[in-house]
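Before any comments, here is the structure.
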Amino acid sequence: MAKTMFEKIWDNHVIHSESGKPSIIYIDLQLVHEVTSPQAFEGLRLSGRKVRRPDLTFATMDHNVPTKDRFNITDPISKQQIDTLSKNCADFGVTLFDLDSIDQGVVHVMGPELGLTHPGKTIVCGDSHTSTHGAFGALAFGIGTSEVEHVLATQCLQQAKPKTLEVRINGKLKPGVTAKDLILGVIAKYGTDFATGYVLEYTGESIRGLSMEERMTVCNMSIEAGARAGLIAPDQTTFDYLRGREYVPQGEAFEQAVAAWKQLTTDEGAVYDRVVDFDADSLIPQVTWGTSPGMGTDVTSRVPNPADFSTENERKAAEKAIEYMGLTPGTPMTDVTIDYVFIGSCTNGRIEDLRAAAAVAQGYKVSPNVTAIVVPGSGRVKIQAEKEGLDKIFIEAGFEWRDAGCSMCLAMNPDVLKPGQRCASTSNRNFEGRQGRDGRTHLVSPAMAAAAAIEGRFTDVRDWNFKVKQEA
Ligand SMILES: CC(C)[C@H](C(=O)O)[C@@H](O)C(=O)O
Ligand code: SF4
């Protein structure tokens, strides 16, 4: 029978299933960070258990790491979590990419970069954005701390089988419109819970045209649509990205792996439980105006009027969000001024993101009213960016050039907004207080964030490209 990619990966990993009950599935890789692992390791310690497969378990520290003066962690909880992770990894024999490792970084940047993420694997982490790894055709999802402990102890997990949903992207992205705009556009159109209970598979010509890093941006935000995971079928782009990476089979073994990975794609005639369509042709750069990733619009549009929403719930949510965000309905998005710019995170902290931002910033100055920081997603991204001279472009333009970490994606380290500050952010969540108490977050692409830093307000990066060309 024709199967979807999800069904193939699922069936390859089911160890036990009984009708009406969750299945037990095998986990090929567990990634670990400092925030959601302390109690899991403590649980093992208390019950006298070991980590069953230390060779399939890899850790790094990211959420609590300061991006300036990284070894000087002054917050006591952050320090304790970081120290605890070091001790746990040493005690249980787990490989840790520590603060002094060039591989330290946001867990979802580090894993793919090292080649730990492969098509067809099941991958878990105590972190919702584990969906990022689905870009390789891996079934990757976030789990809770008690499940982290269970996987550490057994390498297995109980899971109810999700349903499948094809997100068919029709047409092609236009210049200046990025993978970030694509996923923001999908969530703005279909909402933050349209995919609850489903594993998404993104298909279509424009998905095939995306680089691995762009695919990661798309899959990263699957969770913001409520999905359990997001998948993109592996293809030559995937294999070229993986070839030669540290934890990928080498030589003949790699060719054999590729042959097996090619079998994973959804069969002709396989049926998804649900299908939605999205038009890439007419998509333009996106900005969120509210306090959920689904509250987004075209940069050429305006802050919506709550009265225009169709249901009472939507009207109330929009009213509350607009008030929190300190906006006025009807204001053009390009009139909204900003105080801060954050370029980084597991959504947009990879080298191509930094290149896109630097291409916009080169030769310009950050607005005097704006503080702008660029935070590479990992130590390796930082080194690569410096090799290419991107750090100099940013510094000359007035951006701060930081060390790897989650940084201002969430307020768990010294990078936080002050109350009332408004930030153009390349991250994935704009919830109330996400970047600091009473801080206001607008989600955008890296190019849009860089252009906003220079203009001091949101601006359509497509005009920006035009303007830059005119001035040259
Ligand atoms: C701290 C962690 C549990 C959390 C997550 O699960 O996603 C964080 O990474 C986030 O992005 O909100
Ligand atoms: S960068 Fe942000 S979204 Fe990604 S793991 Fe860190 S806190 Fe979570």
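Easy rule for this one: first residue shown is 1, then count along the chain.
Note that Cβ sites are derived from N, Cα and C of the backbone, with glycine treated the same way.
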CYS406, CYS409 bind [4Fe-4S] cluster per TrEMBL; candidate in CYS346, CYS423 listed for that same site: CYS346
Neighbour tally for CYS409 ([4Fe-4S] cluster binding site), based on other Cβ positions within 10 Å of its Cβ: 29
Around the Cβ of CYS346 ([4Fe-4S] cluster binding site), the count of other Cβ atoms that are within 10 Å: 29
Three-class DSSP secondary structure - CYS409 ([4Fe-4S] cluster binding site): helix
Listed in sequence order, residues not in CYS346, CYS406, CYS409 with Cβ within 8 Å of the centre of the [4Fe-4S] cluster site Cβ atoms: ASP62, HIS63, VAL106, HIS129, GLY344, SER345, THR347, GLY349, GLY377, GLY405, SER407, LEU410, SER427, ASN428
